[in-house]
Amino acid sequence: MRKVLLPTIIIIAASLLVIRIFYLQIIDDSFKLKSENNAIKKVYDYPERGYIYDRYGKLLVANQASYDIMVIPREIKKDLNVGEFCALLNITVEDYNKRIAKATVYSPRLPSVFLSQLNKNEFAAFQEKIRKYEGFYFQKRSLRDYEVDYGANIFGFITQVNEKLIAKNPYYNSGDLIGKQGVEESYEEILRGIKGVKYIQKDKYNREIGAYKEGKYDTIAVAGEDINLTIDSELQKYGEELMINKRGGIVAIEPKSGEILALVTAPSYDPGILVGRQRSKNYTLLYHDSIAKPLYDRGLLAEYPPGSPFKILTGLIALQEGVINEQTTFMCYHGFSYGGGRFMKCHGFGPHQLHNGIYNSCNTYFGQAYMLTINKYNNPGKAVDVWSDHVKSFGLGQFMGYDLPTGKRGNIPTSKTYKRIYPNGGWRSSTIVSNAIGQGEVLMTPIQLANMMATVANQGYYYTPHIIKKIESEKIDPKFTTKHVTTIDQKYFPPVISGLFDVYNKGTAYALRVEGIDICGKTGTAENYAKINGKREKLKDHSIFVAFAPKDNPKIAIAVMIENGGFGATVAGPIASLMIEKYLRKKITRTDLEVRVLNKSLAAEYAKLGGMTDALKIESVPKDSVLQAKIVKPKVPAAAAAAKTEVKKTAVDTTKKN
Amino acid sequence: MRNQSVKNNIDWISVFIYIALVTLGWLNIYSSSLLSTDGTYQKQLIFICCTIPLIFVVLFVDGKFYEKYASIIFGVSLLSLAGLFLFGKTIAGQRCWYAIGSFTLQPSEFAKAATSLALAKYLSDTQINLKETNRQIQALAIMLLPVMLILPQPDPGSALIYSAFILVLYREGLPSWYVWTAFITIVLFMLTLILEPYVVIIIAFVVLAIIHFKGRAVDRNIILSAILLVLISGFVLSVDYVFDNVFKQHHRDRFNILLGKSVDMKGIGYNTNQSEIAIGSGGWIGKGFLEGTQTKGGFVPEQHTDYIFTTVGEEWGFAGSFVVILLFTGLLLRVIYLAERQKTKFSRVYGYCVAGILFIHFFVNIAMVIGIFPTIGVPLPFFSYGGSGLWGFTILLFIFLKMDANKVNEW
């Protein structure tokens, strides 16, 4: 029946259309909502972001008003005086045309940002005349106002939310601001508050005709809460000044509470440069500097073999396992031989017990003690696991759970590590003896080193390091007030501490003593390599120093790591001593050390790694530093031409002094 | 001869449906372009007024004129399509228009009627038997000539319309396997895009096996079944290959939206998403004339042209959409009914062509707007904004109504 085919198809097709339309219009009601989204305008009321104070209540971060100029392209009048308009906003006519074109592409009838983040002065002139310019209006926003020029890594910054997050978190809309990095990120929800929403009904001409359903669904904005950080702002500022022309990190912790007193990374930048119209340009420069990495928080992220400071743990564990006591003596012949004719070098000579073993930093002593610890068990795998558990009870080899958004685990090897490296077995204490002196497979970050020192200062316990001191109306996370006790008995700590004390009195840090303050410390160096022109080259060691003070009733524990700084006592040690004095006395008596540190520049060393990039061209020089005058321009070898940006920074330093 | 008056013999049912569709179309164009300053609805009103003299001319030309001059009309139409390559005006990347001042004319809209006349003329020869392969090729050639000229403009939407003629040829004796092949090809194509190619091949194997063993023993031909399976497998694999390697991203996107695969709703998926929102928010009786918030907000692009049905859906709801679909279905069935009662083969074939062309437009357009067909630019007859389209469809329909009114004279 050839006649019926077409009519049949027509009827089937029409039924299909009707069914689908029935489904869209009657069954699936999700479209009604979506259409209301289009026809009902939501207006958000953004609360002011909470302020950030330091531990003593000094205001660090506040807010400033800023203005976005918005545009609805199709509402612009044709007789707009573009020249006058551009002059008011200080933009060129080409720029104007470009921005209007961009807004029109987005939508001719929906508002988009024409010019963002104008400050009060830039906006004032324009505000009086804005009524004249139909199609343009402004939106007030609150931006960060940094009261200080340091602490960028601690604060983080504010940025627009990205599409990915908008899709994931329904709170945020396109164009909203969100904290990134630092406490702005970790305390985002507390600082930001909750935005209010007003629903406004639009008529068929897209005009606003009042509140939707008499404001039944409107919500009121909840203001952001202020927070106090545990940071001592003076100490933080001082730490950043000491780090000028160096790369590395400083972490200072109050042992009794786990509060982070200072968290310094270098190079850093003035947090103020990431606010306002220059923001994105500056951020791009910082972001693309892959060598100096100003956005990389070395205090939290830099993982290195810790070197000698790790001997403290080697000693404590050997005592706890009962394989040595305070009197146990090992002979050092500028080192010692162990399994298969291998030899561990040491700078010392003669008999060593625990006490002088620590202050002389004797490799022989701790190598032997470590081998005894491992050999105590018949099975090296089990022994390593016992040792590993002891080490981990100091919070190492794991994310510590502090309240900053970045971190690294570090690494503390276990039997599994060695099963992977030596799948056929055959490894024993002598194979892994480098762990004794903080090399081999051991990796730690500066904050882990600082926490280790805090634990030693406390003689066997620590609180999870944290940066939050107080939240306006909330208690801080109880995990920061929970004591973590190590697996080492308290009685084994005093002999080790007394050894650390003599590091300052007789040992490697003798020159760094501060009159009247009993400091316990330990130097360290970390070997490091870099690929330079395709060749693996050994670079100057990273300089490491850990300390706490005063010896009795410790108030501060500190770890300092300086990239390519050389021996621990040369750069890191003086910085640690100065920081401790600054914190305990609020002034400096070792001014000789201070001048030496401030003038020390490692620019020539870093130049070997390749060119400094544009990021450091941003002038991020301390504005109100009393120390500026003490900085002397370092001599940079001609070979280090690549380091010219670093030099430029210093040049600015010196001009400021005049 | 009192019956010769066109007024008394014209099929008034079709004319009323035509007037209803054009009127509803204009009301919806008015609503969707009320806020625009381009004078869209005013222009459409002028176009509609122009159809009145056009209809009179079509109706008062001698009834035999169309049959006599079908080949010439077809030739002129082909020339006008070919001329686009030399004198055409490019709008939005398509070279489909002649521009005379600010006025543009789209010859492909008129080519549909011309091709219908040519096909009707060819088939009306009593010697023609579509069982013969030669005849099949000649008939297909008439159909494909304008397609060849339209495809490179590029205007795949207009080219797609010509597939309507397959249904006409079938009515006139084209072997049924043409229709089956076309149908199976489309089903396989869609299945391959939704499922993995090997799954489709397995399904084809099972179906063929069932047909093979359920059929009468005499009809069983293992070799034929095997060849079919190989052909199907080859087709499925090549579709998969063409889709991934030959299609451009925007082609793939159009299919992916339809198949519900993830697509960026602010980019390519925007049209379909917004038109579904507009229609879906209509409910039973819609938001009322001029009350559509989606329509007013200008959220649906091209709303007065290809997406005009969204305004119907939003402002008149399910009731309005149903009435429009009913009107179209009524007109199509009426035209087929009229075609079947024609006394000459020429006017019957032509009637079928009219029904086929209007049907493909109607179905593809609405199916696209409600998201069950890929985004292809095909206007809704009598509804969508545009002079060429309106006039093309009017001429197409009224030539047939003239033939129908004239039939009493053709003893």
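Glycine residues also receive a Cβ, built from the backbone N, Cα and C atoms like all the rest.
Long-range contacts of the transmembrane segment (B:12-33) within the same chain, counting only residues at least 6 positions beyond its ends with a Cβ under 8 Å from a Cβ of the stretch, are 40-41, 44-45, 48, 51, 289-290, 292, 295, 300, 303-304, 308, 311-312, 315, 324, 327-328, 330-331, 334-335, 338, 380-385, 390, 394, 397, 401. Per TrEMBL, transmembrane segment is recorded for B:12-33 (among others).
Positions annotated as transmembrane segment by TrEMBL: B:45-63 (among others).
Only residues 6 or more beyond the boundaries of the transmembrane segment (B:69-87), in the same chain, are considered here, and those with a CB under 8 A from a CB of the stretch are 95-98, 107-108, 110-111, 114-115, 117-118, 120-121, 142, 145-146, 149-150, 153. Look at TrEMBL and you will find B:69-87 (among others) tagged as transmembrane segment.
When Cβ-Cβ distances below 8 Å are used as the criterion, the transmembrane segment (B:177-210) is approached by residues 136, 163, 166-167, 169-170, 225, 228-229, 232-233, 235-237, 239-240, 243, 255, 259 of the same chain, each at least six residues removed from its ends. Residues annotated as transmembrane segment in TrEMBL: B:177-210 (among others).
Taken from TrEMBL, the feature transmembrane segment applies to B:222-243 (among others).
Among the features that TrEMBL reports, transmembrane segment is placed at B:316-337 (among others).
Counting residues 6+ beyond its ends, the transmembrane segment (B:349-376) has Cβ neighbours under 8 Å at 66, 112, 115-117, 119-120, 123-124, 156-157, 160-161, 163-165, 167-168, 171-172, 254-255, 257-258, 271-272, 275-276, 279, 306-307, 309-310, 313, 325, 328, 331-332, 335-336, 338-340, 342, 384, 393, 396-397, 399-400, 403-404 in the same chain. If you look up TrEMBL, you'll see B:349-376 (among others) marked as transmembrane segment.
Per TrEMBL, the feature transmembrane segment maps to B:382-401 (among others).
Taking every listed stretch (B:45-63, B:222-243, B:316-337) in turn, the largest tally of C-beta pairs under 8 A with the transmembrane segment (B:382-401) is reached by B:45-63. Away from its own ends, the transmembrane segment (B:222-243) comes close to residues 185, 188-189, 191-193, 197, 200-201, 204-205, 208-209, 211-212, 252, 255 of its chain (Cβ-Cβ under 8 Å, at least six residues beyond either end). Using a Cβ-Cβ cut-off under 8 Å and counting only residues 6 or more beyond its ends in the same chain, the transmembrane segment (B:45-63) has close neighbours at 6, 10, 22, 26, 386-387, 390-391, 394-395, 398-399, 401-403, 405-406, 409-410.
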